[in-house]
């Protein structure tokens, strides 16, 4: 046997080390390549799911499970059992939205607890909601920090598990001192409340509804809430509820004061044609303020409640169904930034009066293939220039109203409206209509005294459309549309003169 000297041993050890290092280098290079490829594929996939400057939003039109006897007092346990049944549905929809890449989901007003309660009978359904600006709280991770927060805990855990922002509406209670001049006799405030959780489940926003719609179970907040919350995907969002959308406070002032471009809007809206169907006015609001609106409505066709959507100034994703008993999840990718459309004009004159939306409108009939009309009331004059390729067996009218609306709320409106009548007699003008075949090119305008004007464009079958031109010219506000793809039901400019409410 040959005995190796120390030089031979050192040489062979050096060779073995070099071989080992070479092998390790190759393995590490292959591993690095694999990691790089995985990261590259992930970046590509992420870019496809969430394009830069865009985000994926979801709204759910919910058919709630309701208390059949809301005027009868129950206990907290029974109230939680009913609300839990609705929350199970919410959880299913959050999972479905997450699978489609949603970053934020909005649920409707009254969707968890229901409606038609008295002040006393809603009490077992109420949660305690601390002010997010005063205390940072994650109900899912800190469930025992406050009592009577079982619903908040469920909502927080949904947001945490799905890693998305979640907006929901609940009833809230807040104790008050008897030396508070506004404190109710029972020693507590009760608020219709929206809550927002971020993707970690933390409570980040709370909004208390300002403009209550015959909601005797709730109080109006002592001061108006202007609520914003920040997101990493679309910046700041504003928030208000249902009937708020028709008033300057807080809806308009929030948008103007804070330059809000994204709005979440839980609602329990009963449709009222021809001017105030849910999808019709939601789109008009988004168009008028050049913003995105994420609107979630209750689904209860028996009560006339349907109409939800994701609205941008140029495109809408909507759900309206008066036949189906089912709710609907809407998911869409939208841009976080939009731009404004432009304008147009025209003028010109039969007069009769009909009640429409409980207001006394002054109207003129729209005859023939084309023409120009004018009709005035108080200080508002409305102008219409129109043309249609064929005469259909349908009657239309141009109407104007300038005054205080006093039914189901008191507020001042200025309206110019081109509407399809219910039949072939002028006595049917102002009736609720959902279908039409007439394709009408038009330009509608008026000398409005307010700058808050909402363009309504409702087509046959409760479909929405967008104007071609929109805006001011020579102190007149105009909208125009050419080449519509379906029959016209309503084209209107709905002005809100907030200072005269």
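Note that Cβ sites are derived from N, Cα and C of the backbone, with glycine treated the same way.
Feature annotations, reproduced from TrEMBL:
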ACT_SITE  109  active site, proton acceptor
ACT_SITE  209  active site, proton donor
ACT_SITE  242  active site, nucleophile
DOMAIN    68-336  domain 'CN hydrolase'
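Residue 109 (active site, proton acceptor) sits 10 Å from residue 209 (active site, proton donor), counting Cα to Cα. Long-range Cβ proximity for residue 242 (active site, nucleophile), meaning a same-chain Cβ under 8 A and a gap of 6 or more residues, is found for 109, 209, 211, 213, 265, 266, 267, 268, 269. Averaged across the domain 'CN hydrolase' (68-336), the predicted model reaches a pLDDT of 97.
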